[in-house]
Amino acid sequence: MLVGDGIGKTIITGSKSVGGGTTTFRSATVAAVGDGFIAQDITFRNTAGAKNHQAVALRSGSDLSVFYRCSFEGYQDTLYVHSDRQFYRECNIYGTVDFIFGNAAAVFQNCNIFARNPPNKVNTITAQGRTDANQNTGISIHNSRGFGRLGFETGPELG
């Protein structure tokens, strides 16, 4: 369990990216892999910037993981809901291209989703990675708010 002092107060930051020579999977600032992982009141941030392509702030492969009042900040591929069952409540997610993606069964409830303005690209909020129609995975966004095409100067400063 990770418990911080609040969004924007407790910040875990990294800057690995595909543009910097790593893979999307390995670019994660934080990777949650143990079952039952819980995070509360923390900001997970990847500062690689839009020019460095895929750069993950958080990758979760933790079954029954819960994220409460957390912020996930980046550009392309911000939040990698890699696998298993995940729950996000009262979280903020910032990104540009496919910024919530993966093959988990993920529920986002009462969240704020901020689509940044990607230069010369179109925003895509989610990209589900299911390869088998029989899998019971998907991304569900419930009672949440979306904010579109925010300029890079809007929201948290990310280099």
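Cβ from N, Cα, C; glycine included.
Marked as active site by TrEMBL: Asp98. In the three-state DSSP scheme, Asp98 (active site) falls into the strand class.
Shown for the domain 'Pectinesterase catalytic' (1-145): DSSP residue counts in helix, strand and coil, namely 6 helix, 65 strand, 74 coil. Residues or ranges marked as domain 'Pectinesterase catalytic' by TrEMBL: 1-145.
Spatially close to Asp98 (active site) yet at least six residues away along the chain are Gln76, Asp77, Thr124, Ile125, Thr126, Ala127, judged by Cβ distances under 8 angstroms. Note on the domain 'Pectinesterase catalytic' (1-145): its mean pLDDT in the predicted model is 95.
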